[in-house]
Every structure is written in structure tokens, then in C-alpha cells.
């Protein structure tokens, strides 16, 4: 009976689930959904403890899906959305909580930042500021090395060190002293270390530099640490600088501090005194220099000094490799120092044509800035003296100079480039150090050493004395060729292969620079004459340059310039005028006097247009030197022009001739 009842219930269930399984799809019973849903609901209510097969399948497929009742409840809760301000406050609170967990002294930093905002104001009284500084230092006491690496705390400490008393500054220095090497390569702490070195006493600075012993090379390879080394190098005296440099030369000098105490400044002298191996020193220096060049840390003067010393002992291939690495935009960052400028000139002198092209192209867009720099302008002087590719130099250097000719002519450093083109290697415009730097060369890259040349000349003289006259006559053409080759090699070391006058003519005249410069001088003659630096440029242009390089092509322009100067001299002497008359000014009167003595064309133009019949008016003061220059001129025609008018003034004692030196 039980089996019959079970089969009956199964049949009933089947009928309830699929009452019309074989019905047609278009029938009306198939389209009514309630007939399918109601029996399912009734069955679920009957057997509610057992989960249905349908729900278990859904849970298996989508285990992460929330029940419908929970979804609706969440939606009801999220109906009231938080405002933008509430979200911002909540995010700020979360950020504060994260910072407190991450930073140990977060609360202290907030207090210091609050004090810093007050103490760094400009309109605060000194007493109030000193109180705030003392309060901040008291809060930081014992924790300074820990908080120095923070961006906020390091700024607060810098301000405190700037305005605190010397006693407080000494306390901070003592607390930081054991940690200086660690702080030297920290991005934020490095600024505090520099500030501490600026305000350090001689004893403190000496202690800091001695603490750097053995770590100079490693810190120079670090982008941040190299800044501290450079700062200490600039602040140190000659002995301290030598201590820092000398440990970069050899491993022995790093290990044994006693060897560092040497007075020799040149590496060659140090090697000879300490009997070091030149090859081992060169290898060690290459291992120090190579990573620095690869990272591009070339802005510091200590590195420039090391490179100059390295060039003095490096072999041919090593020196050529360094020149190849530096050729390009990297060199532009080096030429602002004295040693960096010398390195730039050496790279131009000994570099190949390809490397010279890279160097000049790397300067594109920076010519104006380089020309105004005291050391950088000498590299440009070296380029116009050595590089034979005048088209490239014209395109990059000359074109940028033409746009700022007036500024360059009035600048103390920039005028030297123009003066070198107008009158090359003149000791009046270039100092002995500048002229010596133009003649520098790398010993290993020179064509032939002087000793070799000297020995060759001696041997040739001995051969000549031993040979017969007939043999000498036969060998004369060959010896002439050899001497010509030798001269060419020496010339290639000193400069390019092109003739120096031809190079100057292409850069100055053919490029249009001379024409533009003459126009600038004509338009601004008064300003240039009264200027301490511009007067020399105007003088060289007005007299036509050395070897009269401007004369054939710009004769008309030069006559116009002479007329412009004469018209300024011809102006009446009025007391109401703001500017001093051109003949009474210290700089302009002496420049005009030099032009009268050195340029007869200008002298005749000035006499006819401005001074004829007016010499008595200008016979005293600075102008008297201009008048007397007509009688001192080496040209007899110039003397004859003014002799009739000036002789009565001399006889009457109105005009006095200067004593002959």
C-alpha cells in the first residue's frame, strides 16, 4: 500500500509541474503563466524546509549574488546620499589616519608647520620670531635627525637655522653631526645640510670635510649627494679642496689619510712626489669619472677640475673616449666654470669634425646665454678660432648673435667674442689666462711632443753636417716636404687647417655680421662711446678691424659711422642737456682720441665736420686730449689739417700737449 501511495503522489507532482507538456505552443493553456507559478509556490510552502533544486542551481552559478530582500534593504539605506562636503571631510579624516599610522612624528610636524607659518612672515617682530624659533627648536630637541628627512620639517629647520642664535645653531649642528653622511643624499635634508654649512664656523666646516674622507667618490656619483660635495668644495680653502680632490686620484690616497697632506696642486706633481703608478692612477680615475658621466652629473666645478687633471695623464684612447662622451648638449652644462670652459675648448680643439658638429649643435638656442657668461664666451672664442666649418658656425653661432648684437657689444663678457673676430688674440681685450687657455692641449692627443720635435731637429742637424753638399741639394725637396707636414701637424693642434684670415673673413664679413655690427654702431654711437665696454667694439669697427678686414666691402658703411660720430661731436655745448657732451665724457673722449691717431680717414672727417674753427672752445678738460691728438698723429696729413689752428693755442698756453712717454 505504501508503494502505491508513493507512486500516486509522484504522479500528482508530475501533473502539477507539467500539466500540458504535449500541448501545442499556440494553445491558450500554454500562454497562461499563473497555472505554472501557483503549483510551484504551493509546493514550496508545503515543503519549506527543503531547498528547491532551482534555488540551489542559482546559488552555485552566482554565489556572490545577494538575496533580493538584502538588495532592497541596501537601496533603502542609500536613498539619503552624503553631500560633497561630507565626502571631502570623510576622505580628509581617512588621509589623516593613514598619515598618523605611516609617520611617527606626524603630530609634531603639524605643530611645527603651524609655528613655521608664523615665523616666516616678513612683518613679524624680531623678538616674536626668536620666541617662535626657540619654541620650535625645543619641540624638535632630540628628534632632529629623525624628522629632517621630512619635507615640512626640513623647511622649518632651515628657517630656524637662519634666524636662531649662534648657540642654538651650534646645538643643532652637534645633534646633526653624526648623521651628516646619511642626510647628504636625502632629497629634502640636503637643503638643511647646505644651510648648516653656510652658517658653520671654520672648525665645524673642517670637521665636516674630514668626515667626508673616503666618501667623496661615492657621493659624487649620487645626484643629491654630489650637490653637498660641491657646496663643501666651494666653501673650503685651498688645502681642504686639495684634500677632497686628491682622494679621487688613487685608492691608496683614500685608505691612508696621511698621504693626503700634500701641498702640490697638480696631479702630475702628486704622482712624482708620492711615486704612484701613472697607469693605476689613470685606471682609478676612469672608474670614478665614468659613472659620473653616464649619469650626466657634470654641473659641478669639482668634477671639472678632476676631468682637467685626468686629461693631463690619460692615454690617447681614454682621452678620446671622454671627449666623445662630452661632445653634445652635455658640454653646455659644464662651460660656466673656469675649468669647464677649458674642457670645452679642449673638446673643440681635439674633437673630430663629427664631434665638433655635435658640440656646436648642442649650443643651439643657448648662444646668447653662453656669450654673456664670463667663462662660456671663451668656448665661443675657441670655436671661431678653430672650427673650419664656417657655414655651421654661421648658422648656429653668428645668426643668434646678430639678433642681440647691441646687448653683446655692451656686455663685459660678450664683447670679447666680437673683439676677437675684429682683432684676434689681442692682449688688450683678452687676459693672459684667456690667451693661455686658448693654447691649451691634451698631451696624449698632440701630434708630436716638443721633446720629440727637439730631438728630431737635433738629429737632422747632425745628418746635415755629416752628409755631402750634393746629397743635401738632392734631399732638399724631401726635407721641405717633411717640414711642411710637421708645420701642418702643429697647426692642426693649435687650430684648424684653414687660414686664420680666411676663416675670419668668412665668419665676419661673408656672414653679414660685420655689416649688422656697423649698423648697430652707427645707430647707437653715443651709447657705445659712453660705455666702458662698448667703446672698444666701436673703436675696432670704426678703424676697420685688424689688417683692415672690413675696408674693401664695407667702406661706405664705415664712412657713415665716421659721420655719425662727427655729428655727435658737432653738437653744441649746452648746460641744460641731461647727458654729458661726447668730448667731455671720460670714456668717449679717449676713444675718439685713439681713433684720430689710428685712423686718418676718421680724423679728416671729424676735423671737417665738427672741430674746424672750434678748437679754442674744447682746449680744456677731457676734450683737450682730443684736440691735441691731431698733432700727435703719425700721419703727416692729419697734423697739417690742425697745425695752423692749434699752434696759436699752444703758444698762448691755452692748449698743453701731453708729455711723450
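Every residue, even glycine, has its Cβ placed from backbone N, Cα and C.
Taken straight from TrEMBL:
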- 1-10: compositional bias 'Polar residues' (COMPBIAS)
- 1-85: region 'Disordered' (REGION)
- 18-31: compositional bias 'Polar residues' (COMPBIAS)
- 42-56: compositional bias 'Polar residues' (COMPBIAS)
- 67-79: compositional bias 'Basic and acidic residues' (COMPBIAS)
- 111-466: domain 'PUM-HD' (DOMAIN)
- 175-210: repeat 'Pumilio' (REPEAT)
- 211-247: repeat 'Pumilio' (REPEAT)
- 451-472: compositional bias 'Basic and acidic residues' (COMPBIAS)
- 451-490: region 'Disordered' (REGION)
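Residues 177, 180-181, 184-187, 190, 193-194, 197-198, 205, 253-255, 257, 260, 262-263, 265, 270, 288, 291-292, 295, 297, 299-303, 305-306, 309 of the same chain sit 6 or more residues outside the repeat 'Pumilio' (211-247) yet have a Cβ under 8 Å from a Cβ within it. Across the range of the repeat 'Pumilio' (175-210), the DSSP-based residue counts are 28 helix, 0 strand, 8 coil. This prediction places the mean pLDDT of the domain 'PUM-HD' (111-466) at 89. DSSP places the residues of the repeat 'Pumilio' (211-247) in helix, strand and coil in these numbers: 26 helix, 0 strand, 11 coil.
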